[in-house]
Amino acid sequence: MKHLWFFLLLVAAPRWVLSQVQLQESGPGLVKPSGTLSLTCAVSGGSISSSNWWSWVRQPPGKGLEWIGEIYHSGSTNYNPSLKSRVTISVDKSKNQFSLKLSSVTAADTAVYYCAR
């Protein structure tokens with residue numbers, strides 16, 4: 001029975017659990033009001049060209065996740081309409097990474113920022 005449960009859990013696991021690809025965000029911990037937040041997500045264990053879309057999300061204190069936007073490895077982007085005027089997401093295939101820039105930040109942008117695929 002233990003083997004059956006393990007099998008069921010493995011099959012039901014999200015794609016990212018089964019993958020060896022790892023994502024690591026980097027950037028400043030603090031940004032001054034009206035400044036620009038710049039974050040980079042390094043992809044390891046696989047090529048950034050192997051997945052269709054790479055995303056940024058954030059979680060404000062005490063709130064749920066908010067989707068910021070996504071980029072295709074070719075450079076095509078989709079953005080959250082509420083943030084679109086302030087967001088730029090770019091990809092650097094030579095460095096196997098993608099980046100987020102959020103301009104004109106305010107206290108309302110306080111959040112934990114995550115990259116995802």
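For all residues, glycine too, the Cβ spot is worked out from N, Cα and C.
Residue environment of CYS41 (disulfide bond) contains 25 other Cβ atoms, counted within 10 Å of its Cβ in all protein chains. Swiss-Prot lists CYS41-CYS115 with the feature disulfide bond, giving sequence analysis as the kind of evidence.
According to Swiss-Prot, the domain 'Ig-like' annotation covers 20-117. With DSSP states grouped into helix (H, G, I), strand (E, B) and coil, the domain 'Ig-like' (20-117) comes out at 9 helix, 47 strand, 42 coil.
Summarising the annotation, Swiss-Prot assigns region 'Framework-1' to 20-44 and lists similarity to another entry as the type of evidence.
As annotated by Swiss-Prot, region 'Complementarity-determining-1' applies to 45-53. Sequence-distant contacts of the region 'Complementarity-determining-1' (45-53) (same chain, at least 6 residues past either end, Cβ-Cβ under 8 Å): 19-22, 70-73, 91, 93, 96-98, 117.
For the region 'Framework-2' (54-70), the list of distant contacts is 39, 41, 43, 48, 77-80, 83-84, 87, 89, 91, 98, 100, 102, 108-117: same-chain residues at least six beyond its ends, Cβ to Cβ under 8 Å. Annotation source Swiss-Prot lists region 'Framework-2' at 54-70.
Residues annotated as region 'Complementarity-determining-2' in Swiss-Prot: 71-77. Sequence-distant neighbours of the region 'Complementarity-determining-2' (71-77) (same chain, 6+ residues past either end, Cβ-Cβ under 8 Å): 48-49, 51-55, 89-91, 93, 98.
What Swiss-Prot lists as region 'Framework-3' is 78-115, and the listing cites similarity to another entry.
Among the features that Swiss-Prot reports, signal peptide is placed at 1-19, with the record citing sequence analysis.
Applying an 8 A CB threshold to same-chain residues 6+ apart, the list for CYS115 (disulfide bond) reads LEU23, GLU25, LEU39, CYS41, TRP54, SER55, TRP56, PHE98, LEU100.
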